[in-house]
Amino acid sequence: MSSFSRFFTQRPSASEGALYATLAVLAMVACWGPYVAANPHQHAFADQRTVWGMAHAMDVLTNVPFALMGLWGLRRLVAWARSEQGAAAMTATVMAAVFFSGLLLTAGASSLYHWMPHDITLLWDRLGMLVAFTGLLGLAADGRLGARPAWVLAVVLPVAGWLSLRAWGLTGQRLPWGVLQGGGMLLVVALAMAPVRPGRLPVSLAAVIGWYALAKLFELGDHAVFGWTGGWVSGHSLKHVAAALAAWPVIAALNVRRAPASGAYWPMCARRTPWQRRSAAACPARGTIAASADRSAQPGSAARSI
């Protein structure tokens, strides 16, 4: 049986089965849960200032960190994908590309929404968030469970997100989107409790959760933060910055670990000793290992030793 066939036919592990069961429960709650109407004041943010002719300027400009983190992440990802680790981790590479692309989409769509707050522009804002969320959950599943559940989430989440946004647009029902967002973060919390599988991208999900929780607190305290700071900055503006910083653990995980170059004998020894002291314990004498290696590399050395 080929590896492609085993990818689909292999029996899921207990943790993978628990993931699929959780997805089924969340789907039932989203479909048959109570009606939750949208907040009639959802577009009334605390900071309404106009700067340089730009309405709601601070809420618009604070989306720049999303674009910066997305560009930085894509640049880091390209270097990592060309390395030995990245070449052996196709699923993580694809999920990270989806995540960083989602950050760029969120930067543009959220800026448009805050510039012109409306249900239509809010729809585009949530679509950008959906792309980033899909990449993040795919990375989390790949690192803790394996490639197959990551690809399952990469297919299920966009479909579920589109259906939930369509339900919100047609009926005003906000529950499916809330289940998708809240349930997705609960999955990230559950996956954070599992160890990273060998050879997978070691993303610190705890750090991602911490930044996301801080962003949610800023969002809930939008008007309160605006009052505490004397009208200098609102909670929603700080929410954008905190949410963008949730991408840093993913960027930090894309660290290319290079093996020492051939002939880099002394630099390798120096890195293994405190304060770059070349002690005999950490760095064998040049006349033993290295000198014998030099002698064996000389022409005719084998004949002389015989």
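Using the three backbone atoms N, Cα and C, a Cβ is placed for every residue, glycine included.
What TrEMBL says about a protein is an automatic prediction, not a curated fact.
Annotated features in TrEMBL:
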- 20-38: transmembrane segment (TRANSMEM)
- 50-74: transmembrane segment (TRANSMEM)
- 86-107: transmembrane segment (TRANSMEM)
- 127-143: transmembrane segment (TRANSMEM)
- 150-169: transmembrane segment (TRANSMEM)
- 175-194: transmembrane segment (TRANSMEM)
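Highlighted: of the candidate stretches 20-38, 127-143, 150-169, 175-194, 127-143 has the greatest count of Cβ pairs under 8 Å to the transmembrane segment (86-107).
The highest tally of CB pairs under 8 A with the transmembrane segment (20-38), across 127-143, 150-169, 175-194, is held by 175-194.
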